[in-house]
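Enquirer: Quick one: the structure is below, questions incoming.
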Amino acid sequence: MSNAPQFGLNAPQSEAVLYLDGPCLVLAGAGSGKTRVITQKITHLIEDRGYDPRTIAALTFTNKAALEMQERVGTMLKQPRQAKQLTISTFHSLGVKILRQEANNLGLKDRFSIMDSDDCYSLVQELAITTDKHIIRNIQNEISLWKNGLVEPDVALRNAKDEDEAQAARIYASYRATLQAYQAVDFDDLIRLPVELFRDNESVRDRWQRRLRYLLVDEYQDTNTCQYELVKLLVTGLGKYPMFTAVGDDDQAIYAWRGATIENLSNLQVDFPNLKLIKLEQNYRSTTRILQAANAVISNNPKLFEKALWSEHGLGEPITVHAMANDEQEADQVAVMISADHFERKNKWTDYAILYRGNHQARIIEQALRNHRIPYTISGGQSFFDKAEIKDIIAYLRLLANQDDDPAFIRAVTTPRRGIGQTTLEVLGAFSGQWQCSLFEAVFKGGIEAKLSDRQLLPLREFCNFINNLEARASRPGPGGSGDNAAQVLDDLMEAIHYESYLYDTLEERAAQSKWQNVMEFVNWLKDRGRGGKDREGEEKNVLELTQMVALMSMLEGKDEEQDAIRMSTLHASKGLEYPHVFLVGCEEGILPHKGDPDTPVEVLAQRIEEERRLMYVGITRAKRTLRITWCKKRKRAGEQVHCDPSRFIPEMQLDVGDAPPKEDEILSPRERLARMKALLATPKPQLGG
Ligand SMILES: Nc1ncnc2c1ncn2[C@@H]1O[C@H](COP(=O)(O)OP(=O)(O)OP(=O)(O)O)[C@@H](O)[C@H]1O
Ligand SMILES: [Mg+2]
């Protein structure tokens, strides 16, 4: 097979697309067309190699990225409908798909629930018998890291370094037991459980390997141990070539705090000695100035793999740095700059992005944008699915799907209020603890009559009967497969719980109206999905399946509105995306790099700063044409104005080095420009290992 460039790709990109003799890793910097390799390869597999689209899976990091990839492939295929048959999803969605089909093999009932991180927080709070947020979060993190590292509770306990960690390990053991009792899984389990299943059950694993003939993984640098294990289990087997392509960039690894390890990149070379390594060096996204700044910043980190990026897009406009008096002025000025730029360049709003380190920075920017009447959408922040009214409805759905889901039971039974008080619930809780059954089961269990009066018990039983009746219909497919069953069940549910009047009774009118609109939007969206999407092309879903789908969506991001609006996003959520004009705000010491725990040991601190630097690199490289950096001399923290210093990453960008007046851009020929750029990039960098 020739490696001649094709499909609008450069030579190494086509090589990666055409390579099918074994596992392949594309390692390259930002904007070099890694994701493009994935979409092209999927198309190539289907159109030129005769792969059935149902046997191809591509894994990405966010639901949004998955959706974009699916749409992109759809436009490339001669038969766009085939794109719908592909599995293009996040690791977690693939996990749900596996769990749903293999629940019985894992001792789970079909109707397991997926607990969100709030539920898990409450559970840890209960088990740890404390209300100290800091302690609870720490334990929650520790449990998550153990799960993602595939560490069992007894091993965690044995290896505990101190009493705090031992205590966390004991809570981890009870936490797992409790989830099992609830017939629930948390987000980490969505990947951990399939891994355990594939490890322990060869025939199940074999079945999945037969179904998935080719696996592609985007943003590979951010996979954690558990996700890597899942990849390995899917692609290694008896008499079968591991067929996969992973693409990634070690300089963009920004999820170490969630257990991702960059070592997975080098592990790949160890675990698959015949791994084909392909590097890409041409950047197609950004101007030379932007790339220079990005390269300069990241050259301060030790390197796992050497890379040198260059671009043909010309030097471009200067990168500007703006010092602001305080955070209010920053927000206002950014809004003013965007407004002016928007009218001057006659751009769309979607051409702009404001990126920041932490969600807490968003509120003040939102207010400024509203003042200036600039439309915006937020990603990576509070998602639609995290709104209280949506979570209320989801609680009912979860309970329909799984009556043992205690957190959902408590939320649903008390919202709207139906005369069931805290004392009643406490008695019920104690009783269910004593009998080791769920709250729902406790309501009908013999002996409960002695604990609760009729007045207390009646509304509980009424509620449970209502759920039971609805549940009987919830799991059925529609009559004649019309998918209308889900819609009918949803309508009945909404009518029966009087949620609308509850909102108007408890809130002032405007708030109630807006919340009710959200609820209706959510319900209609669910109904559409139940019918297989707006065009009814996808799979139909019953209420149980819809519930699991929703649980997953809330994890990383919200619903995306397709309006012309600027994008506000955390740096983490901006990964993989690109915008013509980027504002990187709050570039101050303590914010970016993030302050973190003052007790952090020096060697850990150094690693953290490196991760923060990669985050800066991700931010810079989202920009295609212009990049503006802002920082504040003062910022309000806990109600007080505190003094701030500019981020160390600003001088690291070495803006003076390549910052020639824009005219020079026109004088240099592309070849000269390239030579100049390469010379600038040739500064020696510290080497590390591999
Ligand atoms: N060979 C090519 N010719 C022209 N444009 C390209 C080529 N390859 C990629 N691009 C374009 O360059 C931009 C960056 O590509 P892509 O998003 O695939 O990069 P990436 O390596 O995945 O970046 P990131 O590391 O940020 O995820 C996209 O707009 C893409 O369409
Ligand atoms: Mg990408």
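Numbers run from 1 along the shown chain.
Yeah, the Cβs are placed from backbone N, Cα and C, and that goes for glycine too.
Annotations per TrEMBL:
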- 7-287: domain 'UvrD-like helicase ATP-binding' (DOMAIN)
- ALA28, GLY29, ALA30, GLY31, SER32, GLY33, LYS34, THR35, ARG285: ATP binding site (BINDING)
- 288-576: domain 'UvrD-like helicase C-terminal' (DOMAIN)
Enquirer: Which residues, same chain and not among ALA28, GLY29, ALA30, GLY31, SER32, GLY33, LYS34, THR35, ARG285, have a CB within 8 angstroms of the centroid of the CB atoms at the recorded ATP site?
Expert: ASP249, LEU280, ASN283, TYR284, LEU309
Enquirer: The domain 'UvrD-like helicase ATP-binding' (7-287): mean pLDDT?
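Expert: The answer is 89, the mean pLDDT of the model over that range.
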Enquirer: Within the set ALA28, ALA30, LYS34, ARG285, which binding-site residues show a CB-to-ligand 2 distance under 6 A?
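Expert: What lies within reach of ligand 2, judged by Cβ under 6 Å, is LYS34.
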Enquirer: Between the binding-site residues LYS34, ARG285, where is the Cβ count within 10 Å the lowest?
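Expert: Across LYS34, ARG285, these binding-site residues, the one with fewest Cβ atoms within 10 Å is ARG285.
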Enquirer: How many neighbouring Cβ atoms, not counting its own, are there within 10 Å of the Cβ of ALA30 (ATP binding site)?
Expert: 26
Enquirer: Can you check which residues sit near ALA28 (ATP binding site), meaning Cβ under 8 Å from its Cβ, same chain, 6 or more apart in sequence, and list them in order?
Expert: LYS34, VAL247, ASP249, LYS279, LEU280, GLU281, LYS307
Enquirer: Per DSSP, to which secondary structure element type does ARG285 (ATP binding site) belong, with helix, strand and coil as the options?
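Expert: Reduced to three states, the DSSP call for ARG285 (ATP binding site) is coil.
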Enquirer: Can you name the residues of this chain that are 6 or more positions from SER32 (ATP binding site) yet have a C-beta less than 8 Å from its C-beta?
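Expert: In sequence order, LEU280, GLU281, GLN282, ASN283, TYR284, LEU309 meet the Cβ cut-off.
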